[in-house]
Amino acid sequence: MERLPVLLLLLWLCSAFFVGIHLFVGGFLLVRLEVNKSSSCADALLPGAARPDFCEGGARFRRAVLLVVDALRLDFARFRGGNPRPFENKLPVLREVTSSQPEHARLFAFRADPPTTTMQRIKGFTTGSLPTFVDVGNNFASSAVLEDNLVRQLARAGKRVVFMGDDTWESLFPNQFYRSLPFPSFNVKDLHTVDDGILKHLYGTMEGADWDVLIAHFLGVDHCGHRFGPDHPAMADKLTQMDQVIRSVIRRLQNDTLLVVMGDHGMTDTGDHGGESLKETDAALFLYSPSPVFPAALSQAEPEVVPQTDLVPTLALLLGVPIPYSSIGQVILPLFHQESRTAGARSHLSQLEALWINAKQVNRFLETYSYVARDIPRESLSMLQDKFASLWNEYSSTVKEGRTASPALVAALQSYLTAVREVCQATWAKFHPLKMASGIVILATACTLCFAVSEALAGAGDTVALRASLAMGAFAGAGVAVGQLGSLGYVDAAWCLGAAILSSQLAFLWGLRRGEGRAFARGGDPRRTSGGSLSPPVFSVPLLVLALRCASLLSDSYVIAEGRVATFLLLSLGLYIPLRLNWEGLLLPTSPDCQKAPGLLPSPPLSSSAVRRESLVLLAGLGVLVASLYLSLFLHNCREEQGGCNPSPLLVPLARVQDSGLRNLRYVLSVASLAACTYALRCWLRHYGNLNGPGAAVFAARWPLPLASLCTGLYWAVSSTPERSFRGFAELIALALVVLPRVAFAFLALGATLLWMNPLTVFLKPRQAPSQGKGPAPLPRYRASTALSPEAELHHLIPQLYQRMRRSLEDGESSGGPEGDGRPAVEAYGLGTVYSAPVVLLSGLLGLGLLLLHSEGMALAFLLLLLEGTALLHLHASSMTLASLQGAHKGDFSVPWLSVLLWDLAATQFFHATGHLPTFPSIQWGAAFVGFPQGHVGTLLPGSLVALNTFSSHILFAVGCPLLLFWPLVCEVQAPRRGFGGSERNAVMEMRLRERPREFSTALLQLAARCLCVKGAQVLASALAAAILRRHLMVWKVFAPKLMFEAAGFVLATVFTLVGFALVLRVDFAVSGWFKRLIPEQCR
Amino acid sequence: MWDQEIKGMASAHMFIASAVFVGTLLPAIVAEKFSVYGSHLVWVYSVAGSVAAVNVAVFWLLGVGLVAKKNTLSYKVSRMVRSGLHFTLSCFFYHIIVVLYGAPLLESVLETFSLAVLLSTFTTLRCLCLLGPNVQAWIRVFSRDGAMSVWDTSLQITTACSVIGAWLGAFPIPLDWDRPWQVWPISCTLGATFGFLSGLVIAPVWIHWHRKQLTYKSK
Ligand SMILES: [Zn+2]
Ligand SMILES: [Zn+2]
């Protein structure tokens, strides 16, 4: 068979999808330019102004204490009557102080801009700017903030900034602190290290004199949320501790010091964050000063909600440092005096002055930004400039006439600042339509191409066509590059790649069309006419279901209910199989009383018992499928949009379960599922004779697989032990937490490597029996007929050998005793499943590794996945067998769209049934700590662990994809046709593929193209959804995350599909070599 | 001959279709404060009851399908009993299928079961009338060459339309439109009813259209 052309064509098809995705995502995800300028005290904000603006007002506070309590949600800080939940009313100090000293303290809602991840928020409330969506990915790779920010301004002004807590700060602001005490932040299971570390130093530092600004970032509340959720006694303890901290800090404050207690974001009811629901964005902001700052009575003008960006200008002006250059926040007014300063008496800024400086600074930033980036729409920019000009006039006339600040002017300034913020928000949510459109075009062409390749089946041999179109693509890409170099002066790789791929795609499609036309001119494509159905499969039920699935991605409701949608479609398709077979009259044996016209089917070689048996297998497969579908519905997680939904209790890690009886029960359940998976794999391999012999792959199946599952079971036991018990073995437990998963991973990697190196699972046993004399008898005949070349000889010999081996395999299974009529000289165990056994084994190894990255309860999900996959394969196999038993099958190896679609829907369904959702807060970050409980140094390893965890179901189904091709052949032997005379033709199993290598490679290519087409269509649909609905209310909440997940899942699934198919080609290569070695021995 | 048969079927279908409207109107006249959404179960059972009654009456009057081999009373009684049993079993069967499709398992069991009853009325009852309590024959009818008369073909069409209608009826449920008919199982029962009605219309038209291609084997 042609191995290399198949692989090349597949690679080319995949790369087309990748380029399309790259182009689209590049145009869709928002980018904001960073302005690399800094404010300084000497800046004159207006052209022609004589005096500098910033530092002149003088500092109202000499020092400040900034207590950042990570994930301090607003309702943690507010008081609520009635019977409080564990997280409520645990910070009484805030209420006591605000009610008893209204001139000294305020509590505001502090609204974060999404994405509500900690690093984004720290950037936001130090630079005063808005984060963009792309930054989410940087949470692992915290790199230094390059934009002007508060920490830099403070350091420049000579303030000694002391930092302690979350080490994200240290990576964001390296070497900018006067003193810094960072503590590791990454381990979410650790509630106390950071907080205890801070508390050890906080009070001592405060009582000392060598600091001006003190930043302390507590992580306990956030980690408690991630680990236990807010509704847990541990949260109450943590908040009570924070209450004590705030009290102690207030006691130590001096009159010239401002205290800010704030949360960087909130958390959902499950303790996660990252999205933009109110529970995630609304944090608490508490301001306190020992000297009175606020007006005594709460006035109407005071804001209820303070945007997070507003902290930056406020703190800057209160501490007497310049406002960072890119800040677009507005000062929090109640902190400034209402009346203008009387000459010389007070040097502090009044509200009007503060707002005016703020407005001038924002105006300057806007001018600079619009000069650099040109992405703010011209009309809104000129609107803002007009507004500012009129404000300028009004302000200067007010100052000239010495009037007091009119409330109207203050309101106008505020509305200007709000308008700027809104314009910026709208601009930084802006897209690149041309890139998006070309990405979509490339994706659509790639889908069409896959469809055409799978239908026309012209690809495998057409290396010439592929080469020509690749050359065409290279030419076009180079042309675009030269053009860009000439006109723009630089090369944008995305465009060149896009042009190259698109032109090569079009060239290939054109070639395909022309080839088809030629074939028709010659009298029709033989492959097509033999199939019997010339109608295009566009309107068939499976493609209709695929269209439904794609359409469902365009509606936010269906994306939210995606798990249910996939199950619904999967079940419908599953039920469709027997209905369809019955409609074709294939499900039941044609009974004589039915009086069918016998001429319709040309005397099909069927026995009604075989048909009945196969129908039973089909119905049993359907039953298993339905059962596992229904059970897996109980393993789903919940989106925040889904009201009245409870996440599966199995998703909670065992360590969180408090009832020990329940914990033990769940542990037993998980281990039993794990053992069942491993045992089932072994049984399958043994049944088909793939567990004999000395080969490397057999070794991989025998030892690393069970040992790795043993390690997994032990690891679960260790990781779920409560911390309080076994205090004496703490070190041992910590060691086991590191070693056990790593050993398991090592075993699995060893298994996979061995499998790749020698994927043959065949055991050859020579037999010295009287059969030796008879066995090789037919061989000379073959030699005589085709003794032209060694290859030709081999080609004819191989089928003969399979026949004999197969027979010996069969006999060897049924009766061990030597009996000698026409027995071959050799017995090969496992030859019938020589292709599928390595694929099954690799899926098993991978599955175990992926299971290890999940929480223990998901073992059940993986067992269901195994069951469902097997059920789908059997369903597919028996429907194929039923068709072929009754003579309605074409006779080639092609896998119908129905099975491919079922397979792909199952991957989507198990994405949800393993507790995943296409949302960022639902990512299971815990996977990064399996085997690395202390966290990581780099970002690649944790990132890939989390990606593997997230897309494990896609990966497993992608690797197992070639099984769809093999399974009908594997199941062939089970049809009880041995008793009939025609047994010689039967039960060749996968050796049938080697008898017809051309059909084999065609079918393999077709299967891969169909898989790619089905997956690619879904990516295309979600890209279309994101593009069409980019102004939709739900775009950043539903469609953009869905696109990211769909695209990432596609990339991973494609890579692993290629791995699966490459393994098949590797096996084919090995089998060829094996036969080459074998046959000369046997013939001579 | 052909035209007569098709015309007879069309008028029979008209009667059955009118039963759906009668089943909707009757409770509206009799009961106060009746609405299809508000008192949905009443509507479902009223439609199911009237369709069942008209179906049985039509098939009994026309004498289609019921080829009684023996005319003894005991045979008739046992046949009735078996028919009832089959109908009940089919209700449970539909109920299970609907639950597997994602209907709530414990809450609103009655609603789910009502949908199953309605579907059984639209599909199984017609099978019972035409083919008697003989599952083998039912399975045979739903194959490409299984239909032996225009009635069988019409049975194929109406059954498929009812089931597909109920299936399509599940589509609007997840949408966030907050309409009264999105409440479980209203959209599915409505879908099944509309499917059944359209099946009743489509069947004679389709048979008329394809009368050249349709060839039935011995009856
Ligand atoms: Zn945080
Ligand atoms: Zn967090």
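Numbering starts at 1 and runs along the chain as it is shown here.
Quick reminder: no glycine exception, Cβ is built from N, Cα and C everywhere.
Within its own chain, the transmembrane segment (B:12-30) has Cβ neighbours under 8 Å at 36, 39, 42-43, 46-51, 53-55, 58, 62, 154, 193, 196-197, 200-201, 203-204, counting only residues six or more beyond its boundaries. What TrEMBL records for B:12-30 (among others) is transmembrane segment.
The feature transmembrane segment is assigned by TrEMBL to B:42-68 (among others).
Sequence-distant contacts of the transmembrane segment (B:80-101) (same chain, six or more residues past either end, CB-CB distance under 8 Å): 112-113, 115-117, 119-120, 123-125, 128, 132-133, 135, 170, 185, 188. Annotation comment: TrEMBL describes B:80-101 (among others) as transmembrane segment.
For the transmembrane segment (B:113-132), same-chain residues at least 6 beyond its ends with a Cβ under 8 Å from one of its own Cβ atoms are 41, 44-45, 47-48, 51-52, 55-56, 59, 64-66, 79, 83, 86-87, 90-95, 98, 138, 141, 151-152, 155, 158-159, 162-163, 166, 185, 188-189, 192-193, 195-196. Per TrEMBL, transmembrane segment is recorded for B:113-132 (among others).
Residues or ranges marked as transmembrane segment in TrEMBL: B:153-171 (among others).
The transmembrane segment annotation in TrEMBL covers B:183-209 (among others).
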Could you give the residue numbers and ranges of same-chain residues that sit at least 6 residues beyond the transmembrane segment (B:153-171) on either side and whose C-beta is under 8 angstroms from one of its C-beta atoms?
9, 13, 101, 115, 119, 122-123, 126-127, 130, 141-142, 147, 187-196, 198-200, 202-204, 206-207, 214
Same-chain residues at least 6 beyond the ends of the transmembrane segment (B:183-209) whose Cβ lies under 8 Å from its Cβ atoms:
6, 9-10, 13-14, 16-17, 20, 36-37, 40, 44, 47, 51, 98, 103-104, 108, 111-112, 114-115, 118-119, 122, 150, 153-154, 157-173
